[in-house]
Amino acid sequence: MATFFFSTIEVTRQVFYRSSLCCAIVNLKPIVPGHVLVIPTRPVPRLADLTPPELSSLMTSVQHVGRVIERVYGADGLTIACQDGKAAGQTVPHVHFHLLPRKLRGDRFVNNDDIYPALERAEGTLSQHLAAMPDGQKSTDGKRSEPMVVHEPLKMDADEDRKPRTMEEMEKEATWLRTFFEVDGHTLEA
């Protein structure tokens, strides 16, 4: 089985979808149920750093994973966001798209645009939570991964209501979501 990294953090147990050039992972601190990330398998910091095949695969995967996530979580739409660069609020130096299932009724956010400050708060604390992750974060040689480079986060209030999930919680969700992307034990690619 391949090993997957989100920047320098191993996320293999969080992967529920993969293609040859990207994968989707469950989120450490989801803003809404079903909030996932789609990332290229090669850790690159910015969208402009992707090769044309990587960019094509990433967009196709965002579309495919989005369709499934929307259906599985009974959503009426998706918020899809990418913070490209430190000035845009990106704190983990690895291109990633947030996919958040949204509902017309019963959504956490009455005003749809309120999700963007929540994304900024989530992104602002993500790297420190990832760097502090216990077990499961070792490289393939069994040694602990190098610590992440933690960029100066944007100054914003922390969202104390959303605590980081355990690896077991994330792995359980990833295992469940994987079933929507497999037929006879084989992963379906976009």
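From the backbone N, Cα and C atoms, a Cβ is placed for every residue, glycine too.
As recorded in TrEMBL:
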DOMAIN    2-110  domain 'HIT'
BINDING   Asn27, Gln83, Gly89, Gln90, Thr91, Val92, His98  substrate binding site
MOTIF     94-98  motif 'Histidine triad motif'
ACT_SITE  His96  active site, tele-AMP-histidine intermediate
SITE      Tyr116  site 'Important for induction of apoptosis'
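The 10 Å shell around the Cβ of Thr91 (substrate binding site) contains 23 further Cβ atoms across the protein chains shown. If you take the Cα of Asn27 (substrate binding site) and the Cα of His96 (active site, tele-AMP-histidine intermediate), they are about 11 angstrom apart, rounded to a whole number.
Gln90 (substrate binding site) sits 9 Å from the residue listed as 'active site, tele-AMP-histidine intermediate', taking the CA atoms of both as reference points.
Over the domain 'HIT' (2-110) the predicted model carries a mean pLDDT of 94. A sphere of 10 angstroms centred on the C-beta of Asn27 (substrate binding site) encloses 23 other C-beta atoms.
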